[in-house]
Amino acid sequence: MLIDSYDRVVDYLRISVTERCNFRCQYCMPEKPFSWVPKENLLTFEELFLFVKVAIDEGIRKIRITGGEPLLREDLDKFIKMIFDYAPDIDLAMTTNAYLLKSTAQKLRDAGLKRLNVSIDTLKPEVAFAIAGKDVLKNVLDGVNEALAVGLKVKVNMVPMKNMNAQEIVDVLEYSKKRGMTIRFIEYMENKFASKEISGLKSDELLSMLREHYEFVDEGYDGASPSRYYKMSDGYRFGIIEPYGDDFCKQCNRIRLTAEGQLIPCLYFDEALSIAKSIKEGDIVAASEVLRDVVKNKPEKNRWGGEDGEVSTRAFYETGG
């Protein structure tokens with residue numbers, strides 16, 4: 001079992017298989033980076049899987065595949081099958097923008113993927129274009145429909161932004177609700193790579209807008225989930241992810257691995273340790289030691305909240321949020 005210095009059990013590994021993305025979302029990466037990491041610098045799926053086995057043996061029980069956009073990496077379904085075959089009881093999920101999902105959903109399901117988180121920030125094509133930098137909405141919605149059709153469980157993520165999509169929170173909630181998908185509204189996480197024009201809705205503003213349409217009660221946090229959940233009078237639940245809240249980090253159970261082999265204890269901070277050398281050399285003992293060191297050095301909380309809140313210098317497209 002992996003336990004950090006604040007007595008939090010760390011059992012969730014997020015793996016970014018690529019930093020590349022086919023969107024240029026305003027809140028993440030509106031401009032193309034000066035250069036992508038050369039593909040030869042990325043760990044192969046076999047190397048990533050070697051570390052996955054180490055992590056599972058040390059106590060990891062949930063794995064999420066992220067990017068960038070993970071579906072841009074060729075043969076992703078084969079990597080998922082490696083994990084599933086080794087540990088079929090692992091909670092195996094993926095976060096995607098769904099642009100390429102229609103043609104890949106069945107393969108992912110057959111490989112052992114169980115759940116998806118999909119970003120749907122709007123239901124208006126012109127707003128989707130403004131957010132993502134290209135015409136994406138039809139592909140995204142077609143991908144979601146296909147994922148549901150093949151039996152994948154889907155959650156929706158939405159980042160409400162003033163003067164852009166905030167007026168659509170009810171529409172996207174209803175879209176999700178009618179299809180049996182939980183929606184989580186995510187407060188915009190300030191970072192130096194995002195557009196300077198963005199102003200995100202805070203949770204109190206969001207709740208005030210939703211109360212004009214619904215009655216609901218606060219159910220609090222669901223285990224180690226980053227979402228605070230609310231239950232509507234008809235039983236439907238929606239979540240709000242509040243990185244600025246005092247309780248956001250209290251039960252954090254996750255670490256992140258980049259495609260280059262950097263193991264990151266916290267989304268907010270730049271600090272990381274590399275497992276690349278030990279994995280390439282097949283040194284399982286050394287890789288386990290790095291894993292335990294990263295868990296031991298997880299910070300208590302991020303620095304978004306409070307009067308002295310800071311802007312993160314982390315490139316979220318490298319770590320998958």
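We number each residue from 1, going along the chain as drawn.
Each Cβ is built from the backbone N, Cα and C atoms, and glycine gets one as well.
The domain 'Radical SAM core' annotation in Swiss-Prot covers 5-227.
The GTP binding site annotation in Swiss-Prot covers Arg14, Arg64, Thr95, Lys155, Arg254, Ile255, Arg256 and rests on sequence analysis. According to DSSP, Arg14 (GTP binding site) sits within a strand segment. The 10 Å shell around the Cβ of Arg14 (GTP binding site) contains 21 further Cβ atoms across the protein chains shown.
Here Swiss-Prot flags Cys21, Cys25, Cys28 as [4Fe-4S] cluster 1 binding site. In the three-state DSSP scheme, Cys28 ([4Fe-4S] cluster 1 binding site) falls into the coil class.
The feature S-adenosyl-L-methionine binding site is assigned by Swiss-Prot to Tyr27, Gly68, Ser119, Met189, with sequence analysis given as support. For Gly68 (S-adenosyl-L-methionine binding site), other Cβ atoms within 10 Å of its Cβ number 26.
Residues annotated as [4Fe-4S] cluster 2 binding site in Swiss-Prot, with sequence analysis given as evidence: Cys249, Cys252, Cys266. The DSSP secondary structure for Cys252 ([4Fe-4S] cluster 2 binding site) is coil.
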Collapsed DSSP category at Lys155 (GTP binding site): strand
Ile255 (GTP binding site) as reference: those binding-site residues from Cys21, Gly68, Met189, Cys266 with C-alpha within 10 Å of it: Cys266
Which binding-site residues sit within 10 Å of Lys155 (GTP binding site) - Cα, from Tyr27, Ser119, Cys252: Ser119
Number of other Cβ atoms within 10 Å of the Cβ of Arg64 (GTP binding site) across all protein chains: 21
Rounded inter-Cα distance in Å - Gly68 (S-adenosyl-L-methionine binding site), Cys249 ([4Fe-4S] cluster 2 binding site): 23
